[in-house]
Amino acid sequence: MNKFAAVLVLASVCLAGVSAQCPRIVTRAQWGARAASTSQLPIRPAPWVVMHHTAGAHCTTDAACAQQMRNIQSFHMDGNGWADIGYNFLVGENGAAYEGRGWGRQGAHAPGYNDRSVGMGVIGTFTNGIPNAAARNAAQQLISCGVSLGHIASNYWLIGHRQAVATACPGNAFFNEIRNWPRFNPNV
């Protein structure tokens, strides 16, 4: 029995360490996602993280961010004809991460990288200013969380969406910010 208790304590400590690296993650059910069908990510753990901005309104409250998630999902599904919201996760300036397609699912966010990456972004437009500290911290924690959980390769490369396809995304200011983040790859 003592051996069992020791193993249980050790497992709890290990799990606490993993969850401590993860930001608060709002599930699809919690933000009101529509049902969707997406394929599994064929290359796992993902060797790339592609950073985006949504080029729309910012959000700083749980209610506003959930509404933005529903708006983006509707645009992607109804306007673009996609199976679901294109991103794996988005982060709000309330410091929460919002599950899009989630871990282990192929996104529709960066042609040429969708089958080998986790697409993350910050809700809002970041051409002239960077996301607030809460959003930046949550995004970096989410990457660390993905590595800890085995969904992102420990030797991953981080790029901005504009490095994958001709676009202004993730905005000039935010792109200059992520160039200073760990594992940023300037030579795609």
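Keep in mind that glycine also has a Cβ here, set from the backbone N, Cα and C atoms.
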Bond partner of Cys145 - disulfide, per TrEMBL - picked from Cys14, Cys22: Cys22
As recorded in TrEMBL, which of Cys14, Cys59 forms the disulphide with Cys65: Cys59
Other CB atoms, at most 10 A from the CB of Cys59 (disulfide bond): 25
Helix, strand and coil residues within the domain 'Peptidoglycan recognition protein family' (23-165) as assigned by DSSP: 41 helix, 33 strand, 69 coil
Residue among disulfide-bonded residues Cys22, Cys65, Cys145 with least C-beta crowding, 10 angstrom cut-off: Cys22
Distance, Cys59 (disulfide bond) to Cys22 (disulfide bond) (CA atoms, angstrom): 20
